[in-house]
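Here is what Swiss-Prot says about this protein:
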- GLY125, THR126, HIS127, GLY128, LYS129, THR130, THR131: ATP binding site (BINDING)
Amino acid sequence: MKHSHEEIRKIIPEMRRVQQIHFIGIGGAGMSGIAEILLNEGYQISGSDIADGVVTQRLAQAGAKIYIGHAEEHIEGASVVVVSSAIKDDNPELVASKQKRIPVIQRAQMLAEIMRFRHGIAVAGTHGKTTTTAMISMIYTQAKLDPTFVNGGLVKSAGKNAHLGASRYLIAEADESDASFLHLQPMVSVVTNMEPDHMDTYEGDFEKMKATYVKFLHNLPFYGLAVMCADDPVLMELVPKVGRQVITYGFSEQADYRIEDYEQTGFQGHYTVICPNNERINVLLNVPGKHNALNATAALAIAKEEGIDNEAILEALADFQGAGRRFDQLGEFIRPNGKVRLVDDYGHHPTEVGVTIKAAREGWGDKRIVMIFQPHRYSRTRDLFDDFVQVLSQVDALIMLDVYAAGEAPIVGADSKSLCRSIRNLGKVDPILVSDTSQLGDVLDQIIQDGDLILAQGAGSVSKISRGLAESWKN
């Protein structure tokens, strides 16, 4: 769709000198979302990625110029270049951009420019960001507020991870992995929790990570709002340093928005939220696990503070379809040994894996859990090795894939073979290492039993592998 010159630049009128915006790594979830919003706003968008996929195809159909592979000629005509944190310094497009003195900015800097003219709600934290962002977006949509949202994963009910709305609201996932969330200046900031992760960014110093989160919260104006989980002792330690209005949520007695009487029936949650004015709200949540009740209560708290009515909040949570790759049920399949259910989940930190297993246990009763686990990054495997050993020992059967490197060089003792050895030595489960994923289906058929829940777990290619498995099992 062509846009007139007058229709262009409604969000950021000061960017009138910008004609074409080029994204290096445009296929990434966060990058594609921002590209889609700017494309819909009328900017010329180009971008490159190492592989074609659903996201790049959708952007191309919407009018973006997409290149597969990286080459310096791809930046021709660009007024500004946006880079993903995954892009290396020797990328030919990045090198050429600097040589031609084209401004190069991080993804979060472009998001900050879009947020500058909006009522921004930024969601940060080690776990739960994507789901919480999706929940807030769906509540505001249900309330007919038509928000713009940019999420790090698919918002299933919207069928996309980004949407350009007509209202002043912008709801966005804030990325702490490279500390780029410090560029954002929202009106409301959510912090779901904090644990050591991406420690290379913080020089291995958790205190530095905590200080960075405080800086992020200090980006709020004095009339802004910080929403923090009362169940997280690290966050509660930081509250006195925030210097802004803080509201808390959680199961804790001290929480401003307090969760009581949580029960899980199948893969749904039921609970009551006690509000600061002692109002009691009974919630039906269409996704499982106490961790999702926390995510939903953060969203509820923001909505209540904004004055959104209970009906819109409750309808959005009862109808919530989840975020992409968050306990994503791929279907039930008949195999030689019986019927099994296959679930794909993005969790790749020990805490995330643990809450996924817990939610599956509560929803699946006494059935066995068979996990296909793909470690994500050698550095994370090294830093959290003992935690991975403990949490992966909680399943009934474990298939281990090779580490998904995400561009990292191998680290001795932080590979899948070492992980398998330590898990086996713990004596609770005997993992099977599958390096050739073409053999995965055959290995599964040898070990699965009638009624098993198969969890494909990790942030790398395991999702594509599990979806390929689901397709082959349909035939």
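The count begins at 1 with the first shown residue.
Backbone N, Cα and C define each Cβ position, glycine as well.
Mapped onto this structure are the features recorded in Swiss-Prot.
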| residue | record | Cβ neighbours (10 Å) |
| --- | --- | --- |
| GLY125 | ATP binding site | 23 |
| THR126 | ATP binding site | 21 |
| HIS127 | ATP binding site | 20 |
| GLY128 | ATP binding site | 25 |
| LYS129 | ATP binding site | 26 |
| THR130 | ATP binding site | 24 |
| THR131 | ATP binding site | 31 |
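The ATP site is defined by GLY125, THR126, HIS127, GLY128, LYS129, THR130, THR131, and by the 8 Å test on Cβ atoms against their centroid, the other residues of the chain that qualify are VAL123, THR132, THR192, ASN193, ASN295. Under the three-state DSSP scheme, THR130 (ATP binding site) falls in the helix class.
Mapped onto three states, the DSSP output places GLY125 (ATP binding site) in coil.
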